[in-house]
Amino acid sequence: MSDLPRFGQYAAVPRQEQCPRHPGETAVDYCKRCNRPTCAQCTIPTEVGSICVDCARPTNRRRAASLGLRSGPVVTYAIMAVTFAVYLIGQIWPTIDTYLAFNPVLAAVQPWRFLTVSLVHGGFLHILFNMMMLYFLGAGGEKILGHWRFLGLYTMSTLGGSVAVLAWALIQPQSLTVWTVGASGAIYGLFGAVLVQQLRNRINPTSILVLLAINLIYSFTAGGVSWQGHLGGLIAGALMAWIYAVLAQPRIGVTQRKQNIWEALATLGMVVVLGAISYGLYQPLIG
């Protein structure tokens, strides 16, 4: 006898699949590997269908190994090594600072100074403090962000600090020829990134806020300190960290490859924006 409903009868509605990992959540897809149902929270899009978070873990481990993500904060170590190397070279060739330090007037025709400013320092204690902070903030930050995002954030923080110094030089013209050295802008950018990460994950930010406040007070009150570079780096780093965090949110249909492309474009976009701001700031000088 047929189980099909006759005319005028109600058909039994098939029960919707429930996600085995999140009870109460309705499944939206099936894993192409284990064929188990997946909800929106545990569906990982790929180029040829979606997989569940359980099946994705071995893939992520292989991917991490192939990309060197288990090798520790290699970018942090590389930045520290290059910075110390430049410092040692400076002990033999002191004039190297004049080729790398930031000077608003010279940077107009020598734009590399916007970034190389982070490689030169005003003495051993200066470089020691900055590299210690880079190690403490970078070791964990690079683990969270990944190598390339961390490098992008560090670079954009440095660039943001230099742009802020340039902006202040237009407000106070006598500082147009003042030299700026140090990785402090980038370090403050890492402070901003940690703050953004804690706020987004609803972690109590009191400790980082206190530490940041102490450093900012010192920047504004101590003589010979580029508070402009510190503030610019802080803003640029926080903004870059927020952009990376937004792009890292899982979205249906967005694969890891697409996410990487968006992050690269976002970093390039930040370069364009800061470059455009610098160009606009230089116009009064050129005119």
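Glycine is treated like the rest: Cβ placed from N, Cα and C.
TrEMBL annotations: computationally assigned, not manually curated.
Copied from TrEMBL, the annotated features are:
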DOMAIN    14-43  domain 'B box-type'
TRANSMEM  74-94  transmembrane segment
TRANSMEM  114-138  transmembrane segment
TRANSMEM  150-171  transmembrane segment
TRANSMEM  177-196  transmembrane segment
TRANSMEM  208-225  transmembrane segment
TRANSMEM  231-248  transmembrane segment
TRANSMEM  260-282  transmembrane segment
Beyond the flanks of the transmembrane segment (260-282) by at least 6 residues, Cβ under 8 Å: 108, 114, 148-149, 152, 156, 159-160, 163, 166-167, 170, 236, 239-240, 243-244, 247
Distal contacts, the transmembrane segment (208-225) - CB-CB under 8 A, six or more residues away: 188, 191, 194-195, 198, 231, 234
Contact ranking winner - 74-94, 150-171, 177-196, 231-248 against the transmembrane segment (114-138), Cβ under 8 Å: 177-196
Residue numbers, six or more beyond the limits of the domain 'B box-type' (14-43), whose CB comes under 8 Å of its CB atoms: 49-55, 252
Secondary structure composition of the domain 'B box-type' (14-43) [DSSP: H/G/I, E/B, coil]: 0 helix, 7 strand, 23 coil
Tertiary contacts of the transmembrane segment (177-196), as residues 6+ beyond its ends and Cβ separation under 8 Å: 83, 97, 101-105, 117-122, 126, 130-131, 133-134, 137-138, 141, 145, 153-158, 160-162, 164-165, 169, 205, 208-209, 211-212, 215, 226, 229-242, 245
